[in-house]
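Let me begin by presenting the structure, written as structure tokens, before commenting on it.
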Amino acid sequence: NHTTVVEFVLLGLANSRHLEITFFLFLFIAYVLILLGNISVISITLTNNFLQTPMYYFLRNFALLEITFTSTFLPSTLYSLLTERKTISLPACFLQMLFFYCLGTCTLFHMAVMSLDRYVAICHPLHYTAVMSSRLCLQLILTCWALSFFLMFPPTVMTVQLPFCGPNVMNHFYCDASLLLQLSCTDTGFIEELMFIILIIILPGTLTVTAVSYGCIIVTVLRIPSSAGRRKAFSTCSAHLIVVTVFYSTCIYRYIRPAQRGGQDSDKILSLFFSVLTQTLNPYIYSLRNRQVKQALK
């Protein structure tokens with residue numbers, strides 16, 4: 001004697017109309033900046049002959065990834081805030097969850113690949129052209145996408161097959177896997193353990209690659225004889241490291257620690273940091289501050 005759930009209720013970011021309008025304006029501006037920044041990066045790196053290097057190839061693909069990742073949840077979140085409609089259908093929820101986690105995982109792999117690219121360019125400049133060939137660049141990009149879907153697709157499919165017959169309310173602004181598993185009316189222990197193992201592999205693994213790469217870059221920068229050159233290099237590295245630190249710290253705290261029953265408002269704030277704030281800053285930190293990109297814009 002139970003009713004099968006056909007839709008979920010996402011409580012969203014606020015419980016008052018005033019706060020909903022405030023969040024709508026903030027997220028709308030952030031989404032516009034994400035689209036403008038990343039579309040500019042893609043357009044410039046495609047049309048400018050001086051930007052046909054591995055670095056800008058990775059940045060162009062990263063910009064495309066940023067657009068697709070934020071588009072999995074921001075338009076629906078904005079619509080919900082504007083219309084106060086909180087429900088999402090079962091298929092839409094599962095699709096959103098699949099693309100959110102696959103594209104989010106791909107972002108982690110991509111950041112690690114870009115840090116490796118910068119490591120080779122700065123620490124081994126004479127071998128850079130030979131090592132980072134166009135074939136290797138393509139292979140690295142395809143590996144990022146393939147690994148992301150290979151790792152995140154199985155637990156997502158297993159979650160889709162779960163029966164949902166009890167409460168259908170999630171205290172979040174997108175379909176979150178940990179909260180979704182709590183709503184199932186069957187044992188989800190195996191899926192939770194599988195997702196935890198996958199996240200343990202992905203988050204610390206990609207963070208290690210990124211941290212070691214930037215560590216080697218900093219050591220190389222310290223050997224630059226010119227103080228002006230060191231300041232310029234540290235300015236670029238520090239901006240990258242701030243974004244990486246915010247992204248990884250919020251992701252790890254949100255998904256590595258045990259999930260709170262029913263979801264917490266703090267989880268939504270953490271999710272805003274790694275899914276919106278860092279995505280807004282990325283095109284401006286990684287690309288549009290670059291001297292060559294500025295020249296191409298002019």
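Numbering starts at 1 and runs along the chain as it is shown here.
Using the three backbone atoms N, Cα and C, a Cβ is placed for every residue, glycine included.
TrEMBL does not curate its annotations; it predicts them automatically.
The domain 'G-protein coupled receptors family 1 profile' annotation in TrEMBL covers 37-286. Look at TrEMBL and you will find 21-46, 58-82, 94-116, 136-153, 196-222, 234-256, 268-288 tagged as transmembrane segment.
Cβ atoms under 8 Å from those of the transmembrane segment (234-256) belong to residues 108, 111, 115, 178, 196, 199-200, 203-204, 207, 210, 214, 217-218, 221, 267, 270-271, 273-274, 277-278, 281-282, 285-286, 289 of the same chain, restricted to positions at least 6 beyond its ends.
Remote same-chain partners of the transmembrane segment (268-288), defined as residues 6 or more beyond its termini with a Cβ less than 8 Å from a stretch Cβ, comprise 13, 27, 30, 33-34, 37-38, 40-41, 45, 59, 62-63, 66, 69-70, 73-74, 104, 114, 171-174, 176, 239-240, 242-243, 246-247, 250-251, 253-254, 294, 297. Remote same-chain residues near the transmembrane segment (94-116) are listed as 58-59, 61-62, 65-66, 68-69, 72-73, 76, 88, 140-141, 143-145, 147-149, 151-153, 156, 159-160, 174-177, 180, 202-203, 206, 209-210, 213-214, 244, 247, 251, 275, 286 (criterion: CB distance under 8 Å, separation of at least six residues from the stretch ends).
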